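Structure in structure tokens, see below.
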Amino acid sequence: MASDSEESPMLEPTAHESIYDRFVPHQKRWILFHVSFVGLLAMFVQVTFVPSIPQIAKDLNVTDAVVSLAFSLSIFANAIGELIWSTYSSFFFEFNPSLSDGRRPIYLWGMPFLCVGSCGVALSASLQSLLFWRFVQMFGCSGALSLGAGVIGDIYKLEERGTAIGAFVSVTIIGYAVAPFVGGAATQYWSWRNLHYSIGAWGLLEMLFIYLSFPETTHPGTLGIDKLPSRRSMHIAWINPLSSLWLLRSPNLFAVMLVSTIITNTNYILLVPLAYTIGVRYGITNEAIIGAFFLPNGLGSFTGALIAGRLSDTVVRRWREKRGGAWCPEDRLRAAWIGGFIVPLSIGASGLITTYIGGPIGLGLNILCLYANGVGVDLVLNPINTYNVDVMHSRSAEATAACMASRSLIMSAATAVIVPSIERMGVAWTDIIAAVFAVIGQWILSLTIRYGDRMRASIDVGFSTLENN
């Protein structure tokens, strides 16, 4: 019987792949470590706020619903920041050789916003000041995920990229899993104000580490600043940060953005109202314990991200071998199919269990559903995030930001109706409707895989080819 290597042609390296040898493996791991921990910090900033809402409302003498507006505002700030930071990562200030690059200065300029915003949140004495400083805080760390994906696209070649992005996402997901518990415990036993002081100090340390040891990763000759004539004096290039959104006129990019939004929505529907669903149903009022219910979902996301990264690379490699070395970007999306089935099943089951099964059994089954939903969501999101980098390699941070920002804008509106929907229709129907939308998302993804080449041909926004990816 012939071996696999005899049945499938070996993939020949392209001339472009030599650019990924600029950094040796240990340097790549160090860079990946850097961007992963910035992403971890960004996730801590976003999620630690949720279990603190009741105590913040009490301290500021307002209702929980009013304080929850700060969470929706933070999603909006994240969307705006993603667009601004990612756009300027490829076209930045020309006044200092150490800052005239693409990715590195964005990290350095974003961290002060995070540090000052965190201190502002901690000092807030009114709702208005809280909302303002929360916006500044989230704006400062908003580019972490899109820039991280862009950096990984800079240093890892096509068939290694999914695994690296999977590792990156899995580290950030640790924050998603642990931050609610930390936020709840800090609120219960310490102070939510001191928590935000600590986040500001963490941001200051990250900025110092990046300044001292983070290299520029953007490929030589691809920066917007490289196209300008040399100037001795400071030159600031003003560009439109909303231009990244114009990439979504591509049917492919719009389709995967829509799918990722629908899938992420199931996560928010399960987690945002935890205190009002699982908390009320099973008599849990302690903020630390409610925060701990994020752990199974975060653990599931961690597992899903690691599996999806390696799985998507394997799928790309095998389909290229089947095609004799030809590359179809949509092959990576085939790795999302499994997650596309897990997500609707997990959220639909959780709604029914919360409504009809009480006691320890119902609570245990809900924990299982939270874990399964985390696995399923990241089995879908990881291939989509890597697909955005694949098809728009030279503008990978912008493509990722356009997807994430649009998703955040939609989710900032969607999160505002989650609790009213549960109050009006109940947990079961709210979750079932979300499950139906998730099935529709799976159908959209299947169409994108099947007709992706025609969709790309209909509107070309500068897609990458095998020769320049």
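One is the number of the first residue shown, and numbering goes on along the chain from there.
Glycine residues also receive a Cβ, built from the backbone N, Cα and C atoms like all the rest.
Curation plays no part in TrEMBL annotations; they are all automatic predictions.
Features from TrEMBL:
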DOMAIN    31-453  domain 'Major facilitator superfamily (MFS) profile'
TRANSMEM  30-53  transmembrane segment
TRANSMEM  65-85  transmembrane segment
TRANSMEM  106-125  transmembrane segment
TRANSMEM  131-152  transmembrane segment
TRANSMEM  164-183  transmembrane segment
TRANSMEM  195-214  transmembrane segment
TRANSMEM  253-276  transmembrane segment
TRANSMEM  288-312  transmembrane segment
TRANSMEM  333-357  transmembrane segment
TRANSMEM  363-381  transmembrane segment
TRANSMEM  428-449  transmembrane segment
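Help me understand the surroundings of these features in the structure.
The predicted model assigns the domain 'Major facilitator superfamily (MFS) profile' (31-453) a mean pLDDT of 82.
Residues of the same chain lying 6 or more positions beyond the ends of the transmembrane segment (30-53) and with a Cβ under 8 Å from any Cβ of it are 23, 64, 67-68, 70-71, 74, 78, 107, 114, 118, 134, 137-138, 141-142, 144-145, 147-148, 151-152, 155, 164, 167-169, 171-176, 179-184, 186-187, 192, 195, 199, 202-203, 206, 209-210, 213-215, 217, 271-272, 287-288, 290-291, 294.
Cβ atoms under 8 Å from those of the transmembrane segment (164-183) belong to residues 28, 32, 35-37, 39-44, 46-52, 144-145, 148-149, 152, 155-156, 192, 195, 288, 290-295, 297-299, 301-302, 305-310, 312, 374, 378, 381-382, 385-386, 389 of the same chain, restricted to positions at least 6 beyond its ends.
Same-chain residues lying 6 or more positions outside the transmembrane segment (288-312) and placing a CB less than 8 Å from one of its CB atoms are 47, 50-51, 162-167, 169-170, 173-174, 176-185, 187-189, 267, 270-271, 274-275, 278-279, 332, 335-336, 339, 367-368, 370-383, 386.
Nonlocal intrachain contacts for the transmembrane segment (363-381), taken as residues 6+ away from its ends with a CB within less than 8 angstroms of a stretch CB, comprise 169, 173, 259-260, 263-264, 266-267, 270-271, 278, 282, 293, 296-305, 307-308, 311, 335-336, 338-343, 345-347, 349-350, 353-354, 357, 441, 445.
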Who are the chain neighbours of the transmembrane segment (106-125) in space, where the CB to CB distance is under 8 Å and they lie at least 6 residues beyond its ends?
38, 41, 45, 60, 81, 85-86, 88-89, 92, 99, 132-144, 147, 193-197, 199-201, 203-204, 206-207, 210-211, 214
Quickly jot the same-chain residues contacting the transmembrane segment (253-276) by Cβ under 8 Å, restricted to those at least six beyond its ends, or write none.
50, 54, 71, 247, 290, 293-294, 297, 333, 339-340, 343-344, 346-347, 350, 369-370, 373-374, 376-377, 380-381, 384-385, 387-388, 391-392, 399, 402-403, 406-407, 410-411, 414-415, 418-419, 422, 430-431, 434-435, 437-438, 440-442, 444-445, 447-448, 455, 461
